[in-house]
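Have a look at the structure below, then the notes.
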Amino acid sequence: MKIHDVLIVGAGLAGMRAALAVPPDLDVAIISKVHPVRSHSVAAQGGINAALGAADSWEAHAFDTAKGGVYLGDQDAIEVMCREAPDDILELERLGVIFSRTEQGLIAQRPFGGAGFPRTCYAADRTGHALLHVLYEQLLRRQVSVYEEWYVTSLVTDEGECRGVVAWDLLHGGLHVIGAKAVILATGGSGRIFYTSTNAVINTGDGMALAYRAGVPLMDMEFVQFHPTTLKSTGILITEGARGEGGYLLNTLGERFMQRYAPDQMELATRSTVSLAIGQEILEGRGVDGCVLLDLRHLGRQRILERLPQIRQLSLEFAGIDPIESPIPVQPGAHYQMGGVQANGWGETALPGLFAAGECACVSVHGANRLGGNSLLETIVFGRRAGVRASEYVRGKAPRTPSDRTYQADRDRIARLHASQGSQRAWQLRDELGRVMSTNLGIFRTKESMALALEQVRRLREQARHVRLHDHGQVFNTDLIQALELQSLVDIAETIVAGGMAREESRGAHYRADFPKRDDTTWLTHTLTTSTPEGPRLSYRPVTITRFPPK
Ligand SMILES: Cc1cc2nc3c(=O)[nH]c(=O)nc-3n(C[C@H](O)[C@H](O)[C@H](O)COP(=O)(O)OP(=O)(O)OC[C@H]3O[C@@H](n4cnc5c(N)ncnc54)[C@H](O)[C@@H]3O)c2cc1C
């Protein structure tokens, strides 16, 4: 059995950046359920934040981040991220990322929601693509070994430390144990819990579920960001950069309705504010066929072609609309999980030997609402830091062979799925879960809606263990993978509902129609969720406040 020094689960930006931070004399490997450059990071559009401008400062960036997250973010972690951002961006540039430029040849920065300064660096509207491909080139250069198209089914923990993973080899079939002195989770988000989502179909919250099942607490799971502008009926993201470039939001009366909700920031208020405003317009009958309109026409052909080429292409291909000539119908959709595996600023989790970074982790910098451009930044800053700390952790540590208890349990779990006589298929339950969650835990939530969701999610969780497989082969069995992903989706959905029901206030992305006010006296606190045989157990942890007292 292979035992690596550092094994990274996930080949998105966080995973790749972590791998590059491991010194060359250590043995590092990455494992990914898809080819590395198909990770969801590749789809990021609008950009990555750093206070590069002469008039900007990391402190201003930190303030916007703390305030945008409605003071639920840990300010020590926010300070680290914002202070280290400029150097990380310059490092990315040296590695070969081609950022868009100003006329003076500097890295161009566009305004984004909730930011007091234009500080989002970008490569047109394909920033994630530019970043991920450059980091992949560096991985190849470093000859980091990659288990490509391997699906991790469990973490192996022995004697209170993480010693590796159990994983299914998709290409050849077969379950294996891969040992490691340290494991870094960099498995990305869980947006596919919801029906309307900007996320790739692979974003099923596996890493959060792996940690959760291993007894590691998740934090702030009730905070799911709904992006205000996703393309009608598809959920495809229309970047905030479109509003950053000057796009307007209009209702059926042709009004720029943001005037009523955020007269100063207008379309560039924080995402939770804009999503709620759109939801309200639609609810009160001023929508257009379940959507509102994003109007870019006044930007002119040249600017759209230069700065938003992908948005135009997506609108043409998936809605038959050319934004140069017509407004784009948009609606809010699930976009980002602010919560995740509880980790500190070095990626350390409650389980020795287990680290987490990127969207699957909750460090927590985003608090109750993430600012656009801060997530790509988080993957780079905290991916690097997790790589550094994991390397320190394994230095001088003797390799230990993981036990095969977990392997046997997973082998039995897969055998049970193959033997199941259940009537339902994984995709059917996945669709149902998405509808339940989008309807009951979307931008508006109430006690009743969440209680309904909890009942349904618990039922789906039971059913997910007995779905019927039609493919019983070994090679590239996506039927089996979907069934396993479904188990992650339902486990994580349950933590979102549990956290949401308990939190009787509104803050950022968590809007309770029955508790519309923010309540700092009781709820300025992190939710921790731990797995027990009876279901999720909640506990609370204070928020770290350093220089920005809640206002
Ligand atoms: C459409 C879209 C646009 C966005 N635009 C922006 C933007 O402009 N700016 C910004 O800051 N943020 C943006 N975001 C958010 C940001 O892109 C993500 O939060 C970030 O890229 C996540 O990176 P990651 O490395 O954590 O995970 P990902 O890039 O999602 O990678 C996850 C990796 O984990 C692997 N994996 C998962 N489960 C398993 C398993 N069980 N076994 C093996 N491997 C597994 C996957 O194969 C993949 O390699 C956007 C998100 C979306 C969906």
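All residue numbers here begin at 1 and follow the chain in the order shown.
The backbone N, Cα and C atoms fix where each Cβ goes, and this holds for glycine too.
The substrate site recorded in TrEMBL comprises H227, H335, R370 together with one of T204, T239, T349, namely T239.
Comparing Cα positions, H227 (substrate binding site) lies closest to R271 out of the recorded positions G10, V42, G46, R271. Nearest to T239 (substrate binding site) in space, judged by Cα atoms and limited to the recorded positions V34, R271, S375, is R271. With respect to their backbone Cα atoms, R271 (active site, proton acceptor) and R370 (substrate binding site) stand 8 Å from each other. Mean pLDDT for the domain 'FAD-dependent oxidoreductase 2 FAD-binding' (5-376) in the predicted structure: 96. Proximity of the recorded positions A14, R38, V42, H227, R271, R370 to ligand 1, judged by a Cβ distance under 6 angstroms to any of its atoms, singles out A14 in sequence order. Within the same chain, the residues at least 6 positions away from G46 (FAD binding site) whose Cβ sits under 8 Å from its Cβ are R110, F112, T120, Y122, D125, T127, T239, E240, G241, G244, G372, G373, listed in sequence order. Counting in whole angstrom, G10 (FAD binding site) lies 19 from H335 (substrate binding site) by their C-alpha atoms.
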